[in-house]
Structures are given as structure tokens and as C-alpha cells.
């Protein structure tokens, strides 16, 4: 029983954190971390606004149902707004009729494919080693040290000017101190061919600038704030039931604890008269 209780506690604590094991990514405190952590509804709404107005141009979320925007524990947007929002997205081919129709709230978010489009963000925030995601999601990024809300946040704010070792004329590539698997020019490598820069170059340009969106709640739209908000939103998109699972884990811990106490007291009452007496 003690081992079972310890296992339950360990599973809850390990499952509640969202940090992926990557020493190159500084930790960032999110409201949903920890045993008692939960999503900040206002932050999820701001994050959805950033995704919708900025990120969705190049990144899809094809595994996320649009209707979940109205669910409890998430952005909890008005169902009427969600229906209208879905109808304004890219049209979809109906599976039954084969004809083009407006997207419904029961459909998934659109996907983005083609030259210049980025990876799907449906489960990018799942920070689990060995998690490869649904088929076709391109989640091999996780095996390369990418993924998790901390990574997304640090990546978005990680764009910097080219280091001094970079040659002139690196057009179409952008240096990011968090991005570890991109290209590195020979001038930024040592004699052994090992890069001397902390980060590398990505094809994706810096996605955010200050005041790029206007938050409805009046929150200043700094790059740092928008990066935090969209990272939290993508975590919710990947783990919409995270808080519910934590609550179930807490209930299980309490019940296991009570059961352990009851078993101890029962054992003591039944066997105490016989213990210590020699035959």
C-alpha cells in the first residue's frame, strides 16, 4: 500500500510539470504547472488571439476540434462566437458528400501545408520524451529537443542579431539562440567543425513585434507577453484535460491515504491483542 501511494504521488508530480528535458531551454513559470496549477482563462483567450491573428497564417492545428474553444477549463469562448469563427475559417471538403462546405465548430482547426509553412502546433506543447504524436503530425521535433511550453516561449523570444562570426548575406535565415538544430555557417564553427554559437539559424523570421495585436482586456502586447500567452494556449490545445487529470490524481491520493490509515487502524485493532504475547 505504501508503494502504491508513493507511485501515485510520483505520477501526479511528474505528470503535472510540462518541462521537456532540455538543458538549453531556461525554465519559465506557467500557471498550469505544479500539482495545484490550472490554466488562466484570460491568458488562454489572449493566446488564442495571438495564434489566430499571427501564428495561424503558417501553422495549423489539425488535431484540435474548434468546439473546444467553448469548453470549460479552456478559453471558454461564447458558443455563438465559436460557430461564427469556424464558419470564417478555410472551407472543408465534406467526407460524406465530397462537396466543399463551410467549416463547423465540430470540425478541426485548418492545417497548413506547402512551401514556407511551419509544423503543425496541435501537440507541439506535449513535453514527453518518446512521444511521437498522432500520425502525420511531424512530432519528431521532440526527439530533437523541441517541444513543451517553455521551449515555445523561449524560441519565440530567442531571435537575435547575427553573431560576429556570421558572414554577410545570410538572407532568408534568422539566428535564434534557442534553436539548436538549424544550419550554422562554417565561419561559426571551430577547427573540429563544432559550432561556437549557442543557437543556430532558422528559416522562420521573428513572428512577433510589440503591439502586433491589441488585447481586448487591455494587457500590453509586448513580445514577451504574447510569447507567454500563445505558449499557454498551445499547452491547453495539446493538453485540454490537464487540470481534470490533476484533480483526479489528487482525489486518488486522498483516497489512498485514507485507505492506508483505515488498514493500519484495522490491523492494529485486530492483531494488537496478540502481538507481544509468546505462546
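Cβ coordinates are placed from backbone N, Cα and C, and glycine is handled just like the others.
Given the structure is predicted, the values throughout are model-derived calculations rather than measurements.
Together with 55, 58, 59, the heme c site in Swiss-Prot holds one more listed residue from 204, 235, which is 204. For the ranges 210-228, 248-266, the feature annotated in Swiss-Prot as transmembrane segment maps to 248-266.
Neighbour counts of Cβ atoms within 10 Å were compared for the binding-site residues 55, 58, 204, and the top value is held by 55.
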